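Okay, so here's the structure we're looking at.
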Amino acid sequence: MDRILFEKIQKIKNEEDIKVLYVEDGDNSRLETIQLLSHFFNNIDEAKNGLEGFEKFKKYHHDIVITDINMPKMDGITMIKKIKEIDKKVPILIITAFSNTEYLMESIKIGVYDYIIKPIDIDQLMESVYRVLEKTILRKERDRALELLNQYKQIIDESFTVTKTDPKGIITYANEKFCQSSGYSKDELIGKPHSIVRHPDMPKAAFENLWKVIQSKKIWKGLVKNKTKDGKASYFKAHIAPILDEKKNIIEYIAVRENVTDLINPRKVLQDKINELKNPVLVLCKIENYEDLETLYSEKMLEQLQDKFMKKAKKIMPKDFLFDFTFELGEGEFAFIKDYKISDENINYFLNILRSFQEKIRNTPIKVGQYEYEIELLISFTQEKDHMYKNASLCIKKAEHEKLDIVKADDLYQKMQKKAEENIRVLRIIKDAIKHNRITSYYQPILNNKTGKIEKYESLVRLIDSNGNILSPYIFLNIAKIGKYYKQITQIVIEKTLKMIEKTGKEISINLSSLDIEDKTTRETLIVELRNNPTIAKNLVIELLEDESIKYEHLVKNFIKNMKLVGAKIAIDDFGSGYSNFSRIIEYEPDYIKIDASLIKNIKNNKSNVNIIEAIKMFSDRQGYKTIAEFVADEEIFEIVKSLGIDYSQGYYIGKPEPSIKK
């Protein structure tokens, strides 16, 4: 006996559970053969005739069948044929005393694996058994692998869209999920180019890159935007790989995609929906003061609040006016879209729906955990399809700023674009003016009303453009704050003003905003310059705008203190305008109060303005402050100002700003 072969069979016997069916009608012969086979197999099932053998195979599906030929009820050849109808690939051995050529030829014809003649040669049997075991193990491994592949395929088919194409990109296979997501049937897809689902928004260059990668036999990974049969957009995270034959030639491509539409930026999906509708109306809602909620509550609570709001919003909307699509955009913002044409006839109906919705939201608090929230909504709506979300979003900001409930967006984005273009144009002019030293100061005289003499001046910034036009600060100064140029302009004005004081010996004031004072470089540079030049310091007046924009009160107070220590004076500019704080003025202890132009220019016909100016004058006298009237435009205003006891006058009647001061 071949010991090596026997040991190999024993190893397989110990490692694999092979089910064997042995069919033999002779009792003694069957028992002897089973005893012999038991050295090779652990699991042997026996049958006494072909019919019994067939019934057992139908029930248990054995891995190997070993049978005799000549048996009652059903001979071996017939049984083999019937078994092959169930499993064509099951290996079958014949062990028989018949060496009839006809039987042998029939056995070969029906696919019998081996034919062993009794009496059994043990080495021949072992060799046949070993070969059939190898084949059986390979088959079982293949079946297991196939089963795993089928499970993998089932998981992939349920989770991902899958397509296959030939090397030219023609679809040869599409799974059910791809058909569902695309809206096409398999028959509509097979034989068509994959571009059938390509969205026009996908740039041509992206697909050129995709083909370049996969044709180089590499896997392409990326985000694709597809178009469904009815024109809707969807997003997929895709892996596209080439399939190679044994010679490494590309025979097809397979694409596996995950639908990530819900994970894409909701504003992007919102825009896709807007593009799909013929007459979209967008309603944008924002929870008022949502930023305050963000500082007070956890992210989880805010998510719950927004989720509950969206559910409530869908319930509250009237049944005869349900929106087609709803979007939770994050940060307390929600969008509702409907294919609906707003006209003069139905605008009031539409507004009433929004007002009713707003009121119902306000009157039905949302409970999250232990807390109840009464939600106030800001609403904007638009039917201008171009830049729809941008327009609505800008109108939400307008509603916040102007304390409005519902705002209709009409080309606001386009107007903002034009404004932005103008700002960019002005920024270029500012940059060019700084580069070519065309930022300068003009000096407007200030008259002492008692002596009738010009005693002081205000330094006013001007910009001279490349054509020689003189631009006032109203055109460029606020725009300069957008970029990096505002600080440079301030430093230029300070430098030119100090030089003019040194040159003329006149008292000159400069305007400094809270933004200037909050800048450390501006503060420290000015203080050092004045400490080193006390003669200049005593003739410098710092005009401060007393307004709500002051963020760092302590910096302003320290700056005023330091200015006074070096000998400079302080003036409060535009006093009596929208924001005036008498207690803060007392803390600042200014030398001058400049009465706001809005009070002076209407003084001839407005008794209330006269009363306010008289009150400012009385307050200033008691505190020891001198008063300056701005915007003295004509003789009549000048005479009224003098009659009220105002100390100084400034305006075009006194003198317009000039590029220099005469000694």
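Yeah, the Cβs are placed from backbone N, Cα and C, and that goes for glycine too.
If you check TrEMBL, you get these features:
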| type | residues | note |
| --- | --- | --- |
| DOMAIN | 19-133 | domain 'Response regulatory' |
| DOMAIN | 166-217 | domain 'PAS' |
| DOMAIN | 217-272 | domain 'PAC' |
| DOMAIN | 423-663 | domain 'EAL' |
| MOD_RES | Asp68 | 4-aspartylphosphate |
Number of other Cβ atoms within 10 Å of the Cβ of the residue listed as '4-aspartylphosphate' across all protein chains: 25
Rounded mean pLDDT for the residues that make up the domain 'Response regulatory' (19-133): 84
Per DSSP, three-state class assigned to the residue listed as '4-aspartylphosphate': coil
